[in-house]
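I have placed the structure first, in the form of structure tokens, so that the comments after it can refer back to it.
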Amino acid sequence: MTISNSLARRMLGGAAALALLGAAQIAQAADTIKVGVLHSLSGTMAISETTLKDTVLMMIDEQNKKGGVLGKKLEAVVVDPASNWPLFAEKAEQLLVKDKVAVTFGCWTSVSRKSVLPVFEKNKGLLFYPVQYEGEESSKNVFYTGASPNQQAIPAVDYLMKDIGVKRWVLAGTDYVYPRTTNKILEAYLKDKGVKPEDIMINYTPFGHSDWQSIVSDIKKFGSAGKKTAVVSTINGDANVPFYKELGNQKISAEDIPVVAFSVGEEELAGLDAKPLVGHLAAWNYFQTYSAPANSAAIKTWRAFTKNPKRTFNDPMEATVIGFKLWVEAAEKAKSVDVDKVSESIIGLSVPNLTGGTATMLPNHHITKPVYIGEVREDGQFDIVWKTDKEVPGDAWSDFLDGSKDIEADWVKLKCGNYNTKTKKCSGQNY
Amino acid sequence: MKPIRPKLCLRHQLAILCAALGLAAFGASTAKADEAAAAPVEPAVAATTVAPAATNDLAALLAPLANANFAEKEAVAQKVAVSGHPNARPTLAAFLDGKLYARSSDGVVVVAEAVEGGEESLALTDPVTQKSLGTEPAEGLSKIGTNNSLRKSLKNLLAQIALTDPDPAVRLSAVKESMRALDETTVASFRATLAAENDTKVKRAIEVGLALADLESPEADTRLAAVRALDGELAPEVHNRLTTLVTPAEDGTLAEPDERVRLAANAALDNINFWRSVYGAAETMFFGLSLGSVLVLAAIGLAITFGVMGVINMAHGELIMLGAYTAYVMQLLIPDNHGLALLLSVPAAFLVSGAFGVAIERGIVRFLYGRPLETLLATFGLSLILQQLVRSVFSPNNRPVSIPEFMSGVWQVNDALALTYNRLYILVFSLMVFAALVAVLKRTPLGLQVRAVSLNRPMARAMGVRSAFVDAATFGLGAGIAGIAGVALSQLTNVGPNLGQAYIIDSFMVVVFGGVGNLWGTLIGGMSLGVINKLLEPYAGAVLAKILVLVALILFIQRKPRGLFPQKGRAAEGH
């Protein structure tokens, strides 16, 4: 008797609590707009992705101070996919189906993006992806605010070829999809420019590789053939540290064989002794050292938000900021946060980027970006040595790869992410 | 216990010999490192007193640097180099090192260096007189930046000046540096210095440079003499030049019209290629041994806990990681002297990891003897706990451990062979650790007891050996050695929470390959795996090489399940 009685009471209490919770949620949902944040907060990618979560939170905070969007406050829904690719899809599903977020900012690695892509397409979600990537993709439900290869890799190679006079190329990368695709594009591009196959050396190493002695020695030998040599590095993560250390040890200086990296930025250099790296290059669309009023203001806000006067600002963070601003403008313009309406109104919108230019959303869901080349300084920051005259429009499908040359993405006229201009057909998405 | 002793004599002698050799090599290479480090410093001290007239010249030359672009800076550097001012050289050297600043208050160009202890202010030196100008807060100075092309021309200009340096070693490196950009002025200064040169090595280097220049001569005889002079030279410049000489262009035209010169060049090239491949093989061997030494260092602690005690310790990698973090902490404690910090972290890491090891043995492993599966699971869990511990205490990010002066750089044996000091030291260090460990096991009472317990526990206990104490001490010893390995690894790879995971598999591989319970097996096993890996790497790539080694190992274990050097004896076979 007593048992069932207490049980009943507990159940009643539970139901009441649930009802209250539900009511609170409904009340909240009525005057806030939910923004999903899908970045790994634990695991191997946490080092890079946690910063982006904080960037989104900062932007939401700033926007709410200005009165929110369409008169409603923004509310962040932060989930942790834990650097686990299948978990990304699960968490994305949760954000879209359970939390019903209006927009999601998230993903870093290409494999995590590929994992959530079907979820966003199925549930008609909206994802802003803020990291430089290998291209060869354009989804109706994703906006890519990071660089595609023609906004980072190709201009960097052009710089080395024209300004430094590089004749021999080492394409060194970590063994996964981004370096392999980028190097395939670069190889095709270099051959297109008349570089002979024997002047290109391609090398892949596993994640976290630490024994670089024979590879660096090979690079040294390859580079001592009398032609100016450069290394184009798509080496990712902490394998970079022993790589640069070994370069320093074997006395390969940046003057002899410069290394231009696509994945080494301020955040990566903040944790290590940058002395052996001085003079080596990085290609990005943003550098913290760029002097522009918008940049100093953003860095100041960021440092105040994180309460750390030495926090660094980097390229994917700028891309997050741009993506966020674009979404806010598009929502204001469409007078709605409905995914279809925002996706329509965002095309052609321009917002100022942090280096004094503008970022315009193109019909292929990529944006215009300036390209900068920086030389590493002793303090882990970059001296900008070269930049493009104006912003470069992002190209979803590389013009240098067979099979990708004829494909075009246009969500306004063609309403297709991979329209084949030869067969005049849209093949639909293939992930 | 007694009968074991005489058998060990030969091995024991070998170990001592090994240690002695290791020490000798260590001493020799330290001396070389010191020489190399001392050489470039000398000229900066040499020139101090300056005539007042020349003072103004240099100051006037330097003045525009404050607001110059890179092209203008290069022009200034060139003017400074040809000014003949005695302090031109230290000024350019400071420029190259990024120590040249413009003082904001008066725009004067000064050399600024960080002062010990003073974080915010820099010590200033007047580049013109090389006299101290006191200190200045960092905000009052703006750095005169350099970029790659500017640094390259600065290096070249410095090399030109250094051709007349009193130190032959400096002259030699200056000649080699200038040879990389051989133009008319360089050739002229080579010719000018050749007659006065009395050091044979420098003389030879200059002759090589001149011979390279002579290859451009219109006279076939001069070219022939030049080719003959270049025979046996291993410098890449010579190899490249001779190769272009004998390789026909795409349209079939020959770069060298004279038959005799071509033949001589071909012969010289064959000779050079032979020696280059010999030194290339030596280099690969060194890389292999160096990789092997890292494997041996990582595995040798495991060889004790797994090999001697039979405990599968999955937290072994984390004990290595703790050692690496000890090196990092020591560097924080002694921030001014990285070399001392590194040397002290060797015993410190031994104590830290050893203490953890003893705690693990007393707290967990001793309850699980004879239950390998449970030991495996318990220590695996422990490894995760230890990883999380350093994540919470330090941070999930990698910690930087700097490389001390004497560890960085390269020992240029000749033009075709260069060995990096850090790898060389670690190779020697691992041999020393190995020798010390063998000595402990074979020579000390503890070692005797360890071997007794591992061979036959009940018998050892019957003889009065306190087996519980011996277990703890053995485990602590193995853990301490893992800590020492961590110190060495901190010089090669990232110090982060995941450091240990990268080495645990390799360590087990080495121990199993070498033969469980045999330290010599670990040494031979580690070294051969390293060499095999490096031999395969050029053909198969880093990823495939490792896979091939693993497959080969699996096949090997099928043939010889007890590894290279199986433990013999009744007790061992009864396991």
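Numbers here mean position along the shown chain, with the first residue as 1.
Cβ atoms here come from the backbone N, Cα and C positions, even for glycine.
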Among the residue ranges B:258-282, B:508-532, I'd like the one that TrEMBL describes as transmembrane segment.
B:508-532
What range among B:49-67, B:372-390 does TrEMBL describe as transmembrane segment?
B:372-390
Same-chain residues at least 6 beyond the ends of the transmembrane segment (B:508-532) with CB under 8 Å of its CB atoms are 11, 285, 288-296, 298-300, 302-304, 306-308, 434, 437-438, 441, 454, 549-550, 552-553, 556-557, 562-567, 572
Which range wins on Cβ pairs under 8 Å with the transmembrane segment (B:424-441): B:286-312, B:319-334, B:340-360, B:372-390, B:539-557?
B:286-312
When each of B:286-312, B:319-334, B:372-390, B:539-557 is checked against the transmembrane segment (B:468-488) for Cβ pairs under 8 Å, which one has the most?
B:286-312
